[in-house]
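Per TrEMBL, substrate binding site is recorded for 29, 85, 86, 87, 127, 141, 142, 220, 221. Feature annotation from TrEMBL assigns Fe cation 1 binding site to 98, 123, 124, 253. Among the features that TrEMBL reports, Fe cation 2 binding site is placed at 194, 220. Summarising the annotation, TrEMBL assigns compositional bias 'Basic and acidic residues' to 15-26. Sequence annotations record features per position, and here TrEMBL assigns phosphoserine to 33. Among the features that TrEMBL reports, region 'Disordered' is placed at 1-26.
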């Protein structure tokens with residue numbers, strides 16, 4: 001493997017860990033060592049080579065009609081039984097368990113916000129893209145804006161972007177690139193993956209969740225922003241107002257990962273009730 005940069009710079013800042021988590025918070029998101037590192041690095045190398053402005057625009061056009069599959073939310077959760085995220089240095093078990101772990105962590109800390117519990121279940125369902133035949137580098141992992149120079153806290157920033165053609169294009173290779181200062185993240189073209197796909201899918205199917213839920217889904221993998229502190233030059237006041245919600249969600253997305261897997265059959269009826277309330281029936285994916 002090529003030389004790997006040091007620890008992920010986003011480790012400089014971490015939200016407080018959930019005290020119930022089964023792993024010390026400093027043990028998460030270690031991009032310098034560990035048994036899964038080669039797999040993780042290879043996924044990010046492909047991502048950072050091929051995620052370009054043109055590629056992302058093609059994917060929006062390809063998937064924006066939501067004509068790949070008709071299924072319920074719970075059927076999508078079950079599909080994730082077949083997926084192990086190749087970008088994740090922390091887990092080597094199916095993504096469906098992580099959905100329930102995240103949701104239950106939120107439910108314990110925020111018992112009065114049932115919509116927030118559902119966000120925990122929904123947040124990674126966009127990874128069904130990998131089961132539609134998409135390579136994992138176009139589905140999983142931390143996201144970043146395309147169309148401008150990657151900033152320091154992007155994972156493996158110094159060792160994986162050398163072959164990305166956008167960095168040789170003067171339109172896209174400056175700090176602002178093709179954007180205006182403080183244009184707002186809603187006007188930024190993010191690298192294509194499960195976050196953006198699921199956000200667009202929720203809008204297409206008219207989920208009746210609050211705006212905070214849509215924001216958390218869309219940007220939960222944007223670690224260089226919500227954890228690394230980068231890309232503030234693109235943010236609007238709305239983005240900064242929503243940032244604490246994304247950071248609150250991140251505590252449960254990250255720190256509930258542990259090999260003690262939940263009893264999914266026992267939890268399913270509660271979450272089916274939330275699905276029936278906020279996003280019922282057969283949906284377009």
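Even glycines carry a Cβ here, placed using N, Cα and C.
Positions of TrEMBL features highlighted on the structure.
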| residue | record | CB count, 10 Å |
| --- | --- | --- |
| 98 | Fe cation 1 binding site | 26 |
| 123 | Fe cation 1 binding site | 26 |
| 124 | Fe cation 1 binding site | 27 |
| 127 | substrate binding site | 26 |
| 142 | substrate binding site | 26 |
| 194 | Fe cation 2 binding site | 28 |
| 220 | Fe cation 2 binding site | 24 |
| 221 | substrate binding site | 26 |
| 253 | Fe cation 1 binding site | 21 |
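Closest to residue 194 (Fe cation 2 binding site) by Cα-Cα distance, out of the binding-site residues 98, 124, 142, 253, is 124. Residue 127 (substrate binding site) sits 12 Å from residue 98 (Fe cation 1 binding site), taking the C-alpha atoms as the reference points. Of the recorded residues, residue 123 (Fe cation 1 binding site) and residue 220 (Fe cation 2 binding site) place their C-alpha atoms 8 Å from one another.
Rounded to the nearest whole angstrom, the C-alpha distance between residue 220 (Fe cation 2 binding site) and residue 253 (Fe cation 1 binding site) is 8.
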